[in-house]
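A.B. asks: What follows is a single structure, and I will ask about it in a moment.
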Amino acid sequence: MASDHQSPATKQQQPSSKIVLFEQENFQGRCHELSGPCTSLKEAGMEKIGSILVHSGPWVGYEQQNCKGEQFVFEKGEYPRWDSWTNSRKSESISSLRPIKVDSQEHKIVLYENPNFTGKKIEIIDDDVPSFHAHGYQEKVSSVRVQSGTWVGYQYPGYRGYQYLFEKGDYKDSSDFGAQHPQIQSVRRIRDMQWHQRGTFHPTN
């Protein structure tokens, strides 16, 4: 079920995960450190998030409490203001966070035109694809099957627009991965930086 992909299960968190949230831009003001899931940053004392420092991760933030709404993927690094973690719209709202489990060196994802894994598809193995159109796939994406690895899909080419986190499992409909419209035009792997493999992609009918 879709809820399985979004539930902040402590069993799946990485022990080394660490993120620091700052109230103001450029790492100023009050800060709050997390090493595990937080379903309500407001209840934890963080009314507003102005900047983020990821010591180890990766993490996924959500616009709403209880890991719902628009998603924001954070990998190790600095995010000094809101537009460094989103380019879909001006959204400064992050209400919940959880670590992302990355435990596979292999990455394989299949994206389908229609719900329930039907219609045209594009299969991607160990590769990042900044534009589906450039590789001959111009269809919508209504369902996704992640066979291995952890991925983030984007609404537009060049890793722009709304972000959608894909962990291992089946997403039978676009609502399962939090999309209002079945539109994904680029995808990349979330991985530890020591894993470098040249990959392949296979658009198929």
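Note that Cβ sites are derived from N, Cα and C of the backbone, with glycine treated the same way.
The N-acetylalanine annotation in Swiss-Prot covers A2. Positions annotated as region 'N-terminal arm' by Swiss-Prot: 2-16. The domain 'Beta/gamma crystallin 'Greek key' 1' annotation in Swiss-Prot covers 17-56. The domain 'Beta/gamma crystallin 'Greek key' 2' annotation in Swiss-Prot covers 57-101. As annotated by Swiss-Prot, region 'Connecting peptide' applies to 102-106. Here Swiss-Prot flags 107-148 as domain 'Beta/gamma crystallin 'Greek key' 3'. Annotation source Swiss-Prot lists region 'C-terminal arm' at 193-205.
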A.B. asks: Per DSSP, what is the residue count of the domain 'Beta/gamma crystallin 'Greek key' 3' (107-148) in each of helix, strand and coil?
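C.D. replies: Residue counts for the domain 'Beta/gamma crystallin 'Greek key' 3' (107-148) by secondary structure: 3 helix, 22 strand, 17 coil.
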A.B. asks: Mean pLDDT over the region 'N-terminal arm' (2-16): what is the value?
C.D. replies: 45
